[in-house]
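The following features are taken from TrEMBL:
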type     : residues                                                                                       : note
ACT_SITE : Asp317                                                                                         : active site, proton acceptor
ACT_SITE : Arg319                                                                                         : active site, nucleophile
BINDING  : Arg239, Leu240, His241, Ser242, Glu243, Gln260, Glu283, Gly284, Arg285, Thr305, Thr340, Lys345 : GTP binding site
BINDING  : Cys244, Cys255, Cys257                                                                         : Zn(2+) binding site
DOMAIN   : 196-361                                                                                        : domain 'GTP cyclohydrolase II'
Amino acid sequence: MTQSSAAPAQNNSNLTPATDLVTVSRAVADLRRGEIVLVQGHDNGEAHSVAVIAAEPLSQIGFDRLCDIAREGEAPAIVIPRVRAKSLGRACKNDPFIAFVSADRSGINADRLGEIANPLLDLDALPKGDWRPVSMAESAAIRLAKLARLLPAVVTVPVAPDQLENLARAQNLLVLQSESINGYENASAASLREVSQARVPLENAENATVIAFRPEDGGQEHLAIVIDEPAKDKPVLIRLHSECFTGDLIGSLRCDCGPQLRGAISEISRGGQGGIVLYLRQEGRGIGLVNKLRAYALQDRGFDTLDANEELGFDADERVYRPAAEMLRQLGFETVRLLTNNPEKMSGLESWGVKVSERVPHKFPSNGHNEFYLQTKKERAGHLF
Ligand SMILES: Nc1nc2c(ncn2[C@@H]2O[C@H](COP(=O)(O)OP(=O)(O)OP(=O)(O)O)[C@@H](O)[C@H]2O)c(=O)[nH]1
Ligand SMILES: [Zn+2]
């Protein structure tokens, strides 16, 4: 497969201009460093802005800086998942996130906020305070923390919208609109472009080429492993494989990823018609490796794989399939036979314009450690085993 055989790239990222894409990716890096970012959103047509710092990592210096930004009499709020609030004794309705404002500023510090945010940490007692619904800006800030693969919990103080630009200039902070954050994943997927490729003979597929696709904001590359020379005018056998450091690389027995990855490569090669494994950078069903390890720790305390995600404040599955659809489009494939047991992968691809002509089951025997994981996927996530 040569670079020129790829379909011409269309700029169909009409959700978010490239500059917004770059700003969101810079803000992701800022949050991960413990830096403050400014987010603006609209509630019922009215602009609301907040200064935001991630609850992880949260230093006392960072928290004090955030408090200095707060207007006289405005207390910081910590935005946490409803499930966490529930385990801290707050019964709440269906909103996925809720904000807690401590009544007494002296009862709250960076360590205490970290304990409130993290379901793996014990908290003696919640300080006195009030709960309130989150604003659009705060819910976009949670989205940003998820994009940063941090715990989905943030500390915020309100900023008057007319002060936003001054504050940004004075303290050298990024300003983001909530729409840019919410549209980021789509726009990033639409901006994927092939950046390099090479022939890589594999143990069970000697005629393989690895092609790397990079998003415009410089985020992680997704990979297409093209085996043999699949025809473009027929349904192509493919596997969407979500990155799993533990299963793919070090042979973890907690999941079935290692056998599924190698099994897909062998099966495509054996079929003789060629095919593609798309290696998607969606570690831990899109929550990142660090959070996946947290989810494993919760599973060791009795949660199943889906509830552990939700306990941390994530959806059971945070993956998106536009990057896969975009790579297939650029490689020139429209119709696929999909190696999977997961119906959401089929509907996910189809929602981005890829025709799935057939599901090819991709089941491997359990290994003595992953029975409960596989059973949960079957019984609660609708996987077809
Ligand atoms: N959050 C979380 N992620 C997990 C856990 N176990 C495995 N994973 C991740 O789940 C993903 C598994 O992906 P896949 O095997 O591609 O997908 P699947 O949904 O099982 O569907 P098919 O294998 O196609 O049937 C990888 O990103 C793993 O890192 C877990 O307990 N928690
Ligand atoms: Zn795995």
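Even glycines carry a Cβ here, placed using N, Cα and C.
Because TrEMBL annotations are produced automatically, they should be read as predictions rather than curated entries.
Since this is a predicted model, take the numbers as computed values, not measurements.
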From Arg239, Glu243, Cys257, Glu283, Arg285, Thr340, the binding-site residues whose CA lies within 10 Å of that of Arg319 (active site, nucleophile): Glu283, Arg285
Nearest of the recorded positions (Cys244, Cys255, Cys257, Asp317) to Thr340 (GTP binding site), judged by Cα-Cα distance: Cys257
Spatial neighbours of Glu283 (GTP binding site) among the recorded positions Cys244, Cys255, Cys257, Asp317 [C-alpha, 10 Å]: Cys244
Cβ-based neighbourhood (8 Å from the centroid) of the Zn(2+) site, residues Cys244, Cys255, Cys257 excluded: Ser242, Thr246, Gly247, Asp248, Ser252, Arg254, Asp256, Gly258, Gln260, Leu261
Other CB atoms, at most 10 A from the CB of Thr340 (GTP binding site): 23
Those recorded positions of Cys255, Cys257, Asp317 having Cα within 10 angstroms of His241 (GTP binding site): Cys257
Cα distance (Å, whole number) from Cys255 (Zn(2+) binding site) to Arg285 (GTP binding site): 12
Assigned element (helix, strand, coil) containing Arg239 (GTP binding site), judged by DSSP: strand
From recorded positions Arg239, Glu243, Asp317, the one whose Cα lies nearest Cys255 (Zn(2+) binding site): Glu243
Cβ atoms near Arg319 (active site, nucleophile) (within 10 Å, other residues, all chains): 19
